[in-house]
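Comments concern the structure below.
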Amino acid sequence: MPEEPPWRYRTKLLHYLSYVTVEPIMVFYMMAFMTTNVVEQSFFVYKACTVNHGYNKTICENINQKQYENITKEVQVTVSTFHLWNNIAGHGVPIILALFIGAWSDKRGRKLPLLIGLLGKLYYSAMVVVNTTQDNWPLEYVVYTATLPMAFTGADVAIFAAAFTYLVDVSSQKNRTMRVTILEVCYLATMPTGIALGSYLFNNVVHRSYTIMFIINVSLLVLAVAYALLRLDWQSNPNQRPISEAKNKLLDFFDYNHVVDTVVTVCKKRPSNRRTYLVMMFVMMGLYTFQRDERDMMYIYCQLVFNWTLGQFSQFRTFQSALQDVVLLFAIPLMSGVLGWRDTVIVMIGAAAHTAARIFYSTAEVNWVFYTGGVFAAVGPIVAPVIRSVVSKIVSVSEKGKAFSVLSVADNAIPLVSGVAYSTLYNATIHYHPSAIFYLTMATQIGVLLLILYIHTKTDHDEFEREAEVIVESNDVETRSVEDEEKNSMKRVFGE
C-alpha cells in the first residue's frame with residue numbers, strides 16, 4: 001500500500017485542530033488559577049497573621065506548628081471571615097449580570113462576554129500582585145481593590161457560561177456529551193499539574209515570593225485573552241448578529257427583555273414534564289457545586305487538625321486532582337458509551353462518591369484515612385458534565401445561552417451562599433468540632449442524589465435523547481406561541 005503524501009497528514013491534522021475552540025482558553029485560565037490556588041490560601045493566612053494580627057514573620061511562616069495552635073485558631077477566624085465577605089463581593093454582581101449575559105450572547109455571540117470575564121480575572125490577579133507588595137495593607141484590601149471590581153465583569157460566571165455555550169454551538173447533537181466532557185477534562189487536567197507546579201515554583205524557584213507567583217498567573221491569563229481574541233468567532237451560530245447592528249451598545253446588553261427571556265426559558269411549559277426536569281437540573285448543579293467552597297476551609301482545616309504545611313496540602317490536592325482527571329477521562333466514556341448507562345445513573349454515582357468522601361474526611365485522624373476520602377471525592381466531578389449535557393438536550397438552540405447562563409450561576413455564583421455557610425460554620429465550630437463543614441457538604445450531595453433518583457424513576461432510558469431529536473426538528477415552531485404568551489405575561493409583571 002503506497003504511503004499517503006505529507007499534505008494529507010497535514011489536512012487531517014488541520015481538520016482535527018479545527019475542532020479545538022475554547023479548550024486552550026480554559027487550560028490557560030485554569031492553569032493560572034491552579035498555579036496560585038494553594039499559594040493564594042497561604043498568602044491570605046500570612047497576610048492576616050502579619051498585618052491584621054501583627055505577629056512577626058517567624059511565627060507567621062511556621063504557624064502550622066503545634067506550639068502556635070492558639071494563634072492558628074485566632075488567625076483562621078480572620079481568614080474564614082475574609083472568605084465570607086470575599087465570596088459576597090465576588091459573586092453578588094455576577095448573579096445579576098447572568099440574567100443578561102445568556103440572552104444577550106444568544107443574540108450577539110459568546111466571544112465578548114468571555115473576553116470581558118477573562119479581563120476581569122486578569123485585573124484581579126494584577127491587583128493581588130499589588131497587594132503582595134504592600135506590607136501595611138490588611139487582608140480586607142483584597143476585597144476592595146481586587147475582588148469587587150472584578151465582579152462587575154461577570155468573571156467566572158461569564159467565562160464558564162460563554163465557553164460552554166460556545167462549545168455547544170459548534171458541536172453536533174451526537175458528539176456534544178463527549179466534547180463537553182473533553183472540555184471538562186482539559187481544564188480540570190490543570191488542577192494536578194497546576195498545583196504541583198505552583199508548589200514547586202513557590203518553594204524552589206521564586207523563593208516563596210507571592211508577588212512573582214501572581215505575576216505568573218497574570219502572564220497565563222494574558223495568553224488566554226490573546227488566544228480568545230485571535231481564535232474564536234464573534235458569532236458561533238447563524239442566529240447571532242454583530243454587535244455593530246445595535247443602536248445603543250449599553251442598552252442592547254442591559255435590556256430587561258433579556259431578563260424576561262431568561263426567566264421564560266426556566267419557567268415556560270414544556271412537553272413530557274421537561275420544565276420540571278430542567279429546574280431540577282439547575283437545583284442539582286447548585287447543590288453539587290456547593291461543595292467547592294469547602295476547599296477554602298479545607299486548607300486551614302488540615303493546617304489545624306493535621307499540622308500540614310503548604311507542601312503537604314499541595315501534595316494531597318495534586319493526588320486528588322490527578323485521580324479526578326483520570327476518572328473524568330475514562331469513566332464517562334466507559335459508563336455512557338461502552339456500558340450504555342443512563343445519565344441519571346452516572347450522576348447518582350458521582351453524588352454518592354462525594355458523600356462517601358466526606359465520611360472519611362470528617363472522621364480522619366491520620367493522613368491515610370483523609371487520602372481515602374480524596375479517592376472517593378475524585379469520582380464526584382463526573383456529575384457536572386452530565387448535567388450540562390442533559391440541559392443542552394432539554395432546551396432548543398435559541399435557548400442554550402440563557403439556559404447555560406443559569407447553569408453558570410449555579411456553577412460559579414453559588415458561593416454567595418455556600419461561602420457564607422462554610423465560613424460561618426467553621427468559625428462557630430473551630431474550637432470543638434471543625435469537621436462540621438463536611439456534614440454540610442454531605443447534606444448537599446444527598447440532595448443531588450435524591451433529586452436525580454426522582455428523575456431516574458420518572459424517565460425512560462433514552463428519553464432525553466429522544467426529546468433532543470424532537471427539539472432539534474420542531475421545538476422552535478411548536479413553542480413559539482407558548483413562549484410569546486409567557487413573555488407577554490412576564491412583561492405585564494415587570495411593566496412595559
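Each residue, glycine too, has its Cβ placed from N, Cα and C.
Quick caveat, the model's predicted, so the values are computed rather than measured.
Over in TrEMBL, the protein carries these features:
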TRANSMEM  16-34  transmembrane segment
TRANSMEM  88-105  transmembrane segment
TRANSMEM  112-130  transmembrane segment
TRANSMEM  142-168  transmembrane segment
TRANSMEM  180-202  transmembrane segment
TRANSMEM  208-230  transmembrane segment
TRANSMEM  326-356  transmembrane segment
TRANSMEM  368-391  transmembrane segment
TRANSMEM  403-425  transmembrane segment
TRANSMEM  437-456  transmembrane segment
Practice item. Name the range, of those listed as 112-130, 180-202, 208-230, 326-356, 368-391, that has the largest tally of Cβ pairs under 8 Å with the transmembrane segment (437-456). Key: 326-356
Revision key, fill the gap. In the same chain, residues at least 6 away from the ends of the transmembrane segment (142-168) whose Cβ sits under 8 Å of its Cβ atoms read 21-22, 25-26, 29, 44, 47, 82, 85-86, 89-95, 97-98, 101-102, 105, 110-111, 113-114, 116-121, 123-124, 127-128, 130-131, 176, 179-180, 183, 232, 236, 388, 392, 400-401, 404-405, 407-409, 411-413
Revision key, fill the gap. Sequence-distant contacts of the transmembrane segment (368-391), meaning Cβ under 8 Å and at least 6 residues beyond its ends, amount to 164, 176-177, 180-181, 183-184, 188, 277-278, 281-282, 284-285, 288-289, 291, 302, 306, 316, 319-321, 323-324, 326-328, 331-332, 335, 343, 346-347, 349-351, 353-354, 356-361, 403-404, 407, 411, 445, 448, 464
